[in-house]
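According to TrEMBL:
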| type | residues | note |
| --- | --- | --- |
| REGION | 498-520 | region 'Disordered' |
| TRANSMEM | 100-119 | transmembrane segment |
| TRANSMEM | 140-165 | transmembrane segment |
| TRANSMEM | 185-206 | transmembrane segment |
| TRANSMEM | 277-294 | transmembrane segment |
| TRANSMEM | 314-337 | transmembrane segment |
| TRANSMEM | 349-370 | transmembrane segment |
| TRANSMEM | 376-402 | transmembrane segment |
| TRANSMEM | 423-441 | transmembrane segment |
| TRANSMEM | 461-480 | transmembrane segment |
């Protein structure tokens, strides 16, 4: 429970000395943090690449998220601009609002199933996606997967910056209508106007500061955002139905909206206080996601710009700015920061990764991606095929092969049971990934350049995310079951983080005394695991 005290809002929290104390350590080359809890007591104990406080399992006192918090999170995420843009982009394929609703419901229902499966992984062991993925792709094999997921998060953050900048443009125009006549000195090919670029940078500076907010406090933001941001309701627009493949493309785009979250939901699920008990998360997305704004105008700032009331234009645009900030942190900057810190914990932490993604928002020219609806659909479908294949492999390994049993300490040991080979890569996972993705590449190429003749194989690409999930999961299961077993990675009893108790499994890390508990929390205790190296 969050307590609000006078000290929390004291001006001293913003004093120059306090700000200097927080910023000055970040100016050094190495991360200004103590080593993580999980240090291997052998010759690899000085290797900082696997553990730091941002990557260690969440402490028991920080596991505070319950069912209400996660529903508030999904509510705030659903009422963000990307949902409106994606749904309206789907309608641009030729579907009416009434025809769009069942597509949206089915898409979000499939997303919810995948989110629940991956979320329970993080909630059970209280670790983030960069750590969890080591048990699937290998200690070093996890790096390419983390980079791929980081790129997706970075692109989403950049795209949302442009949309939020246009919402800010709506707010300024509502207050000063003359701003609508702001002189434009950029060519049409730039994909953005001078006023839009100005608003982009104003919002960019604000969101960079807010993105540094600690993740433990995010549930407050999501709750406030879910209350303030207005819902959208459907209304009839288009009057014709397109082909069956258009329906599959629409479904794939809806799934693509949350396909990246299906992979990295452990980043948030690790804060669960009850292991995401129950399956109520399965119902969250399809129920909340049926509140739509079914306008044929796919870009929300363009819809708000047509409001006659200046007050309605200002407050609606402002609420969407708040919605964008929450969505940007949840689906963009925080997952990116988690992923990048997992690549190089010695030099990059969440704070530094936040600055990196903020710079990326500028240099990536995201306004070119959202220039039209077809560009957004191509982007969503494109990355969803990779995310679907990764998610399918994760679920197959965790639920079918390992039977939900992991050794938490071995996830931080570069020469332990999750190394899988001399080079630290699980070739089985990559084999299943590429077998699933390869048939989708011709369709992906055609989505970028429609003039390409790839034959009828492009039809598979219309449901790329579902195809990738099923084929990768099934392929991985068959390889491990009949061709090459994962070996030492299969254990008889699960090993959990300190302070975690599970019926039927071994509890590791519970202290015999208060002193042991104190040392354990502060990273003093060295856990001797993985003494046997793979030859």
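We count from 1, first residue shown onward.
Quick reminder: no glycine exception, Cβ is built from N, Cα and C everywhere.
In TrEMBL, annotation is done automatically, which means it is predicted and not curated.
With respect to Cβ pairs under 8 Å, the transmembrane segment (314-337) is most closely packed against 140-165, considering the stretches 100-119, 140-165, 185-206, 423-441, 461-480.
A contact between the transmembrane segment (423-441) and the transmembrane segment (185-206) is absent, since fewer than 3 of their C-beta pairs, 6 or more residues apart, lie under 8 Å. The transmembrane segment (140-165) makes no contact with the transmembrane segment (461-480), as judged by fewer than three Cβ pairs under 8 Å among residues 6 or more apart in sequence. Counting same-chain residues at least six beyond the ends of the transmembrane segment (185-206), those with a Cβ under 8 angstroms from any Cβ of the stretch are 161-162, 164-169, 172, 179, 321, 358, 361-362, 365, 367-368, 371. A Cβ distance under 8 Å defines the sequence-distant neighbours of the transmembrane segment (461-480), meaning residues of its chain 6+ beyond its ends; these are 110, 114, 245, 248-249, 251-252, 255-256, 259, 381, 384-393, 395-397, 400-401, 428-429, 431-433, 435-437, 439-440, 442-444, 446-447, 486.
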